[in-house]
Amino acid sequence: MEPIKTHNGLVYPLPKRNVDTDQIIPKQFLKRIERAGFGQFLFYNWRFDENDKPRADFTLNQPKYEGVSVLISGDNFGCGSSREHAPWALLDYGFKVIIAPSFADIFYNNTTKNGILSIKLSEEQIDYLLNQAEKNSYTLTIDLENQKVYDKLGFEAAFDIPAYNKHMLLNGLDEIGITLSYADRITQFEQTH
Amino acid sequence: MKQPKTIIEKIWEKHTVVQEADKPDLLYIDLHLVHEVTSPQAFEGLRLAGRKVRQPERTYATVDHNVPTIHRPIIRDEVARKQMETLRSNCAEFGIRLADIDHPDQGIVHVIGPQLGLTQPGKTIVCGDSHTSTHGAFGALAFGIGTSEVEHVLATQTLWQNKPKTLNVHIEGSLGTGVTAKDLILAIIGKFGVKFGTGYVLEYTGEAIRDLSMEERMTVCNMSIEAGARAGLISPDETTFEYLRGRRYAPEGSDFEAAVSEWKNLATDDGAVYDHTVYLDASEIEPQVTWGTNPGMCLPISASVPDPALIEDKDERASVEQALAYMGLEANQQLTSIEIQHVFIGSCTNSRITDLRKAASVIQGRKVHPSVRAMVVPGSFTVKMQAEQEGLDQIFQDAGFEWRDAGCSMCLAMNEDVVPAGERCASTSNRNFEGRQGTGARTHLASPEMAAAAAIEGRFVDIRQAVAPTV
């Protein structure tokens, strides 16, 4: 997994609550056995019509949002299924950071395991960010080390992240490798339980 | 005096392998259930790193998500077939038991775990599927995980997990006639919302929960994730022990009695403190139907579709408007006026033998409405066989239902069982998200009894009026 320290990127606003994983990646694309290549299917039923043609009214299809890497959305983002295909699709499309008032637990874990930084900000802060990104070509900087999000217009917000997640993301670590360094403890547990 | 504890804390403490500062706890996993959709990339990860499965005997696999439910074993979908073949070869390579498509134990992973007695009180259970919360019905700590975590459990039999907060969902009173466990959990989510459980493990307590059978408890715990909670459980009691007695992987003889006395200690102690508690009176709950695009958008069958014009909060109003537009419903329309074209009885929420018996009792001697296509998909091959021994298949087929083989089927429509765009389905499954049962499909969640009655009438009806109550 790629380490993420600071990220500076174009923002895409998706002002919806309860964006579920069936919307992020519909089930017809879950049959592949690879991790790569899911970006083309991201938000498929919103991006494409029944003839697989891009829907002009879905904003992600608009030229101004080409090259976006920061997603801003509503409350309870990523609710629903545990499919890791959702963060795979977001990452493959180019999203490195997701900002929302809250995230579903399984989705939040899944993003962290894939080097995507999920950040919780308040509804008011999200409203400001959505507004900026809807009006302009809007760029945000995310500084994980100092746990700050800021723009060029003077907006700055601090965010919380568990120390463990921060460490894993900053260093792009292989978690299984770390856990296997505790193999003796696991063996001991197995022998005594 | 010992500090009173919740069952959640007791299971957690018994499974903590490593506890260090600035880290989640390293939790030991007793049982890992695996299926074809969320595992291929995990096995590939093991192969690339030259790792093995640490405890193959604690791992159990089946195919459920994309198996066809008709004309087996021919699988016309090439990509799906490749995914199932990949699971077969992965299980062979890593030494994992597999209930394959033609195996008598095949079925929905959350139906077969309990049925085989693999699911037991006090266990930690994971699966790459969010409805793993189902197994909490036995007093197990069971939760869904992503594919990276599947790989982690395969390699280490552990997971790094933050200790969850505890939430007591306390349900007093008794459910009325015609009101089911499905209505109970829908009413809970309808009242408290689709994210009230985020960050928590739920424990369901109270008289109404104690009165539920094991299969009804599974229906309740199954939908914990729709309330945002990764896990939801019920302290084990005599109902739990009796269900498990004699099951294939449950302890036998004196071992079973020893296990029961240990399981009895798991129940939450009197005076244990939860981080949060919510209350609901079961006697106030009516049969429920969802009208929108998440399970919290549900109402009693006697109600009407909400009117966005009356909602003050602008975000809330916008989401109701979007949901009504997607669902093709009018504000203030009576729920009983909603006509349906499909009925699906199945899924890890409601596909067990008692679900099928209850649905059959509603349709016995009656006919499916001419404009409705109805199907029953038993949760497992075992459930199917049992239903056929009881003659339920005949009741369903005489009424005009299709009688299928076991799998997830139309709950998520990964196989050929799809609801066409713009059409409406009364479904006993767990999610009414946009496109869940097919692109553009409109899902209404309900109990097996309510779905069965809708199949007969071609629209939703109040089950309490549709059939004479059995006294």
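Each Cβ is built from the backbone N, Cα and C atoms, and glycine gets one as well.
Owing to the predicted nature of the structure, the values given are computational and were not obtained by experimental measurement.
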Out of B:C298, B:C348, which does TrEMBL tie to the same [4Fe-4S] cluster site as B:C408, B:C411? B:C348
With an 8 Å cut-off on Cβ distance to the B:C348, B:C408, B:C411 Cβ center, who else from the chain surrounds the [4Fe-4S] cluster site? B:D64, B:H65, B:I108, B:H110, B:H131, B:G346, B:S347, B:T349, B:S351, B:G407, B:S409, B:L412, B:S429, B:N430
Fewest other CB within 10 angstroms, which one of the binding-site residues B:C408, B:C411? B:C411
When you measure from the Cβ of B:C348 ([4Fe-4S] cluster binding site), which residues in the chain that are at least 6 apart have a Cβ under 8 Å away? B:I108, B:V109, B:H110, B:V111, B:H131, B:T134, B:N222, B:G379, B:C408, B:C411, B:N430
